[in-house]
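Here is what TrEMBL says about this protein:
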DOMAIN    6-325  domain 'Acyltransferase 3'
TRANSMEM  9-27  transmembrane segment
TRANSMEM  33-57  transmembrane segment
TRANSMEM  78-100  transmembrane segment
TRANSMEM  129-147  transmembrane segment
TRANSMEM  154-171  transmembrane segment
TRANSMEM  183-202  transmembrane segment
TRANSMEM  214-230  transmembrane segment
TRANSMEM  242-260  transmembrane segment
TRANSMEM  280-298  transmembrane segment
TRANSMEM  304-324  transmembrane segment
Amino acid sequence: MSKRILELDALRGFAALMVVLFHLTTLGNHSSVIFNLGCTGVDLFFIISGFVILMTLERCKSWKDFLISRFARLYPAYWTAVTFTALLIVITVVCNLPHLNYGISVKQYLVNMTMLQHWFKVRNVDGPYWTLTIELVFYFLMLLVFISGRLKNIELIGIPFLLLSFCYGLFETVFNSNALLHVISVAFPLIAYFPLFYAGIIMYKIKQETASPFRILMLLLCMGTQIYLFDKFHHNHTAISVTQYGSMLVAYFIIFLLFVYEKLDFIAIKPSLFYGRISYSLYLIHQFLSAGVLLPLLTGSWHLNFWLAVIIILAVNTLIAYLINRYIENVSLHFIKNRYSKK
């Protein structure tokens, strides 16, 4: 399994860099088709999550194991990122440094620390946090399946949810009822992205067992449904066209199938694995730090060339993400798991 994990780490690294470059070029007014495609990095993250969460649950002996592992993986780095970004926002305002028009309150900070701000209708401290809401809903659903003892039936359980996602898009097409759709999206934000997670689940089943006609059909339905939902509900639907999004999704499915059949080991090289290890921290801290502070400072105040500024910003982000990964993520992960294992 270690080899497969290495490949997934490499994919995480690529996905994180794609998102960072997308935000830098878009918010820096240097957007292009190539860099705009980076917005689909989150879609790759979601597919990976579907694969990994099912794999994790199959290894868990109890629901507590899963909760502890997810808490240890998500929250320490997240708390660090929220606090870091909040302090950065305060410093830029107090010192009157060039920055994007961000603001923060004590309430916003505290609610964001719960990772539940979506349901409290409180704005994210930084842009990338919206995906964590979707991840949490997916974890909760998978945990319910695990507790019910139906994990072996996960493929069949996913079918009505896939149908629900399609009907969600169909309802928008037929009735264009934004009010009701908004209520649904607030209550169940996973609905517009479930096909990606389900595809990851199916990929895991193919990896562990075989590519049955049913599983191939489900992958095709996942792909088709997600493409259908794109221009209706995707967070970044204005950045690229449906055709471009569909092309990237096809590429991701092919890449993932290569991984499933152990034909993707060539991407597991030191640079991609390094960025894979720090991908979560990099994803969490990059947006305001990069596009909100460093880019206005380097290109606006210091008049540096945009692409030189991008290189510097990538280096700064990489260093900070590495420090968070090494001294917060890894340390807290081992500490929490060791404490839990002794009980």
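For all residues, glycine too, the Cβ spot is worked out from N, Cα and C.
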Stretch among 9-27, 154-171, 183-202, 242-260 sharing the most Cβ pairs under 8 Å with the transmembrane segment (33-57): 9-27
The domain 'Acyltransferase 3' (6-325) [mean pLDDT, rounded to integer]: 94
Recorded stretch that, among 78-100, 154-171, 242-260, 304-324, has the most CB pairs under 8 Å to the transmembrane segment (9-27): 304-324
The transmembrane segment (78-100) versus listed stretches 183-202, 242-260, 304-324: most Cβ pairs under 8 Å: 304-324
